[in-house]
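Asks: One structure follows; several queries about it will come next.
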Amino acid sequence: MDYLPLFADLKQRPVLIVGGGEVAARKIELLHRAGAQVWVVAQTLSSELEQQYQDGRIHWLAQDFLPEQLDNVFLVIAATNDTVLNAAVFAAADQRCILANVVDDQPLCSFIFPSIVDRSPLVVAISSSGQAPVLARILREKLEALLPTRLSDMAAIAGRWRGRVKQHMASMGERRRFWEHAFSGRFASLISRGQLTEAENELQLSLEGQHRALGEVALVGAGPGDAGLLTLRGLQVMQQADVVLYDHLVSPEVLDLVRRDAERICVGKRAGAHSVTQEATNQLLVTLAQQGKRVVRLKGGDPFIFGRGGEELQVVAQAGIPFQVVPGVTAAAGATAYAGIPLTHRDHAQSVTFITGHCRPDGDDLDWQTLARGRQTLAIYMGTVKAAAISQQLIAHGRSSTTPVAVIGRGTRVDQQVLIGTLAQLESLAQQAPTPALLVIGEVVNLHHQIAWFGQQPQTESAISPSVVNLA
């Protein structure tokens, strides 16, 4: 270990900064967050530091550095581009046994700044001992993505409750088990949803021995396929799951991000071939949550856009099970973006309509007259089976048979395939497309040939036969 990690209490302690430029300003901002009393030695200040001085946030010594300025200073930072001055600052500090840091000059540092993940009062520091600062920054970014922002609330509440927990539980082992349960159970879940009062009530119930073994359900949108489109919140919830119920539309890459020891249950549905009935899925969500498990219902795209997520949550809510919803990138947004097809465009479409090709058996017919109007984009989910009927109805109600269309198969995935043609060719295109597929109808499809960016560049469209663009 080249450096001993320490956390210093700088509240109201004097810290000297030598230098008044941008580098000094960055260090000063960090010191402000720690509550330090900042003194700056510099002949001139940057405009940012000048404003801080006018606001009374820093003290300014408009003079050259002198060793006696280190008297009664807790630590010093040299942030100048003068190597001779920096060395003099370090030597004077070292002689007085004062911690010193010379920015970007590790040999002249008795302490170094780590990369920081700030969830105060919880703080994570990462250091490469000055050997690979970029690597430390990359690790910090990964931790930022994994650690929920609400950890600060969790740590603050835990701090307020430490005394009460200690009064109720004399044994250190008992207290440890209490907090382990709290930080991985319903208390943590309530914090993540911003329900802080309810979270403290949960702690009180646990202390009084009235805790109920009740789990929760998280309805999570997995996005259209590319694991990079999974939301940060979705990843965090998946990493906390005890059991995951997922559909066929969820890509293997997204499933790989589920907590390793979580149970995985496929309740996938395909048009006309449901492996698990919807009623059975609804009941399974309730049963698992009533067993005290954290259940993630993982759905492709966004769970509230043609995903029957609302129906499932109605059952969960009626059973009194706590739940939360994590939105996802819906297929119409993700697949079209990866295909270079904007859903709206000032010159081509002022509106977009999302349609499902599978309605309830007793559902009313679509308003084809409205859907056939020009200057709009239609994005049709699960429409390949009914592509012929869709094409016929739109043409019959006035939409031109030469209207550009795209069928995007396995959108956003490495084997994405985009088929371009006209409304008259929609049935043929749909028959060729791999599933799952999205139908896009409207003049915006023509922009595909200009702004497609994912995978191979599009082939030239044929006016006679559909063009197939394999973006693998």
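Positions of Cβ are set from backbone N, Cα and C atoms, glycine also.
Relevant sequence annotations retrieved from Swiss-Prot are reproduced here:
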ACT_SITE  ASP247  active site, proton acceptor
ACT_SITE  LYS269  active site, proton donor
BINDING   GLU22, VAL23, GLN43, THR44  NAD(+) binding site
BINDING   PRO224, GLY300, GLY301, ASP302, ILE305, THR330, ALA331, MET382, GLY411  S-adenosyl-L-methionine binding site
MOD_RES   SER128  phosphoserine
REGION    1-203  region 'Precorrin-2 dehydrogenase /sirohydrochlorin ferrochelatase'
REGION    215-472  region 'Uroporphyrinogen-III C-methyltransferase'
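Distances, neighbours, how buried they are, the whole picture for these features please.
Replies: Under the DSSP three-state reduction, GLN43 (NAD(+) binding site) is assigned to coil, being neither helix nor strand.
A C-beta separation below 8 Å, combined with a sequence spacing of at least six in one chain, links ALA331 (S-adenosyl-L-methionine binding site) to PRO224, GLY300, GLY301, TYR381, GLY411, PRO436, LEU438.
SER128 (phosphoserine) is surrounded by 16 other CB atoms, counting those within 10 A of its CB over all protein chains shown.
When averaged over the region 'Precorrin-2 dehydrogenase /sirohydrochlorin ferrochelatase' (1-203), pLDDT in the model lands at 93.
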Asks: May I ask for the distance between ILE305 (S-adenosyl-L-methionine binding site) and ASP247 (active site, proton acceptor), taken between their Cα atoms and rounded to an integer number of Å?
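Replies: Just about 14 Å between their Cα atoms.
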Asks: Tell me the Cβ contacts of GLN43 (NAD(+) binding site) under 8 Å, same chain only and six or more apart in sequence, or just say none.
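Replies: Expected: GLY20, ALA62, GLN63, ASP64.
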Asks: May I have the list of same-chain residues other than PRO224, GLY300, GLY301, ASP302, ILE305, THR330, ALA331, MET382, GLY411 whose Cβ is within 8 Å of the Cβ centroid of the recorded S-adenosyl-L-methionine site, in sequence order?
Replies: GLY223, LEU249, PHE306, GLY307, GLY328, VAL329, ALA332, ALA333, GLY334, ALA335, TYR381, LEU438
Asks: Near THR44 (NAD(+) binding site), which residues of its chain come within a Cβ-Cβ distance under 8 Å, counting only those 6 or more away in sequence?
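Replies: Long-range Cβ contacts: GLY20, ALA62.
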Asks: Around the Cβ of VAL23 (NAD(+) binding site), how many other Cβ atoms lie within 10 Å? Please give the count over every shown protein chain.
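Replies: The answer is 18 other Cβ atoms.
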Asks: Please give the greatest C-alpha separation between any two of the NAD(+)-binding residues GLU22, VAL23, GLN43, THR44, in angstrom, as a whole number.
Replies: 15
